[in-house]
């Protein structure tokens with residue numbers, strides 16, 4: 001049966017991780033639906049072509065702010081529905097922690113979402129300065145992180161500007177600072193207390209919670225802090241309890257366990273006479289990056305609706321049992337709000353693959369023993385001995401490598417051994433059955449060995465740092481040609497001079513593989529690949545390894561009537577920009593270039609040509625111009 005776009009949907013799992021925002025169109029190109037209710041589809045391949053006409057180059061980060069607002073609407077809608085179903089006597093406010101992505105367009109889009117209650121969180125003085133400026137009057141602002149006097153003064157000033165600013169005490173030492181600075185400014189603060197839970201959730205970020213967590217007050221510290229605040233006349237200012245179990249919680253059962261402990265703290269604080277009427281459940285709401293809807297670190301076994309139901313129902317039942325008024329619910333679900341809205345696009349610049357065949361060998365009997373064995377194995381076509389042939393061939397290759405290192409084989413002989421082994425492995429791979437348990441290990445080894453290397457125009461460290469740092473899985477697939485069957489498997493390599501500069505995990509149907517299905521790319525072909533769900537943390541965590549800088553980026557909005565609005569175009573960092581960042585003056589470098597061209601035996605025409613090349617080079621992108 002001929003390959004279809006439905007086969008590509010299944011292969012890459014786009015309908016499992018795409019959350020309705022991404023799909024494969026009938027043309028074989030990826031389509032984006034920024035607002036599911038509008039039903040407007042954007043052909044991603046055509047969009048890249050159009051943006052190229054506006055001077056934007058690959059690699060390119062495309063943001064869809066409409067997705068941000070849809071995510072906020074979905075999140076708030078899930079809580080509103082749970083509140084209505086439970087008859088809960090208070091409201092929900094979604095708090096966006098700007099550390100997840102501090103881009104102005106991101107923050108503005110989130111707080112501009114209509115018909116929802118939205119607030120902001122700051123975890124540092126720079127973030128608080130940004131939040132105080134961007135937040136609309138009356139906005140709920142949560143201040144987390146380590147705090148000094150300046151931080152606390154800024155928060156108190158924010159209160160006077162008409163915001164509802166919660167200063168969350170994370171360390172006992174912050175209590176005295178809040179007392180002293182609130183007296184100096186004569187501002188009654190809104191105070192929150194962060195409790196340190198014993199419960200831990202299983203995730204890549206589980207160490208942000210639990211007893212060994214970096215932040216939060218232990219039971220003893222909580223008592224000490226409340227005693228101090230009451231003694232200082234600020235007991236009535238303690239209005240919020242906060243906890244955080246960790247980011248990307250995969251298993252909803254872990255969350256239930258931790259939340260049960262957290263609401264006990266809420267009851268105890270109320271019993272102390274503190275008017276706590278806000279519960280900030282922190283982060284933890286995950287994203288189904290691999291589409292498996294499981295307990296994998298890169299997935300979640302629940303959705304927004306179940307998450308909201310757990311929180312609202314448990315609070316509702318607990319408050320009813322203990323005669324406590326229902327508190328307002330806050331959550332800091334930044335990852336769930338932002339991950340889907342950004343897509344990284346890159347082009348394949350080169351392909352490296354092992355040979356499919358080897359030329360006929362003359363006088364095989366004159367070859368060295370391990371090479372003769374390889375030739376014999378290559379001619380042995382016994383499907384019952386497939387795994388044994390592989391192990392024997394691998395041993396022969398090891399012998400060849402030893403003999404070459406000892407000077408007993410020539411470079412040509414070593415190259416012949418490598419080609420023979422590659423072609424033999426390709427034949428064996430075709431004969432193996434992945435479904436047979438006895439052959440699965442060899443099948444997987446050969447799949448890895450035979451995968452092509454697709455060199456792509458991007459930097460893992462700059463654009464996808466979590467894939468390197470914590471083995472984060474992100475969905476990756478071709479942007480176009482999806483009506484064609486992909487016939488190759490490849491590992492994507494970046495431009496950096498670093499062996500870690502590659503993507504090691506790929507969503508393949510509903511599993512994670514070490515290579516991905518791709519189409520044949522011949523010399524001169526354009527082949528675009530997209531990495532999805534990069535809107536959370538990746539932009540701000542990216543570093544400048546090998547001095548690769550920011551890519552081109554753009555915001556794409558869908559306006560009423562379905563027309564697209566392109567805005568927020570930001571050009572890539574130039575080589576000059578990157579050198580300045582590491583305190584290398586381009587002006588000084590130009591002077592040095594000029595001096596060096598004069599010191600060499602160059603004629604005036606060559607000197608002028610070379611110097612002009614240096615000048616032009618400083619203005620270019622750090623990425624490849626292809």
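From the backbone N, Cα and C atoms, a Cβ is placed for every residue, glycine too.
According to Swiss-Prot:
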MOD_RES   99  N6-(pyridoxal phosphate)lysine
BINDING   279, 280, 281, 282, 283, 284, 285, 286, 287, 288, 289  substrate binding site
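Distance noted between the C-alpha atoms of residue 289 (substrate binding site) and the residue listed as 'N6-(pyridoxal phosphate)lysine' is 20 Å. Sequence-distant contacts (6 or more apart, same chain, Cβ under 8 Å) of residue 285 (substrate binding site) comprise 75, 249, 304, 307, 331, 333, 335, 336. Taken residue by residue with DSSP, residue 99 (N6-(pyridoxal phosphate)lysine) is part of a helix. Less than 8 angstroms from the CB of residue 283 (substrate binding site) sit 97, 244, 246, 247, 331, 332, 333, 334, 335, each of them six or more residues away in the same chain. Around residue 281 (substrate binding site), taking its Cβ as the centre, 26 other Cβ atoms fall within 10 Å, counting all chains. If you measure from the Cα atom of residue 287 (substrate binding site) to that of residue 99 (N6-(pyridoxal phosphate)lysine), you get 17 Å. Fewest Cβ neighbours within 10 Å among the recorded positions 99, 279: this applies to 99. Counting Cβ atoms from all protein chains shown, residue 289 (substrate binding site) has 24 others lying within 10 Å of its own Cβ.
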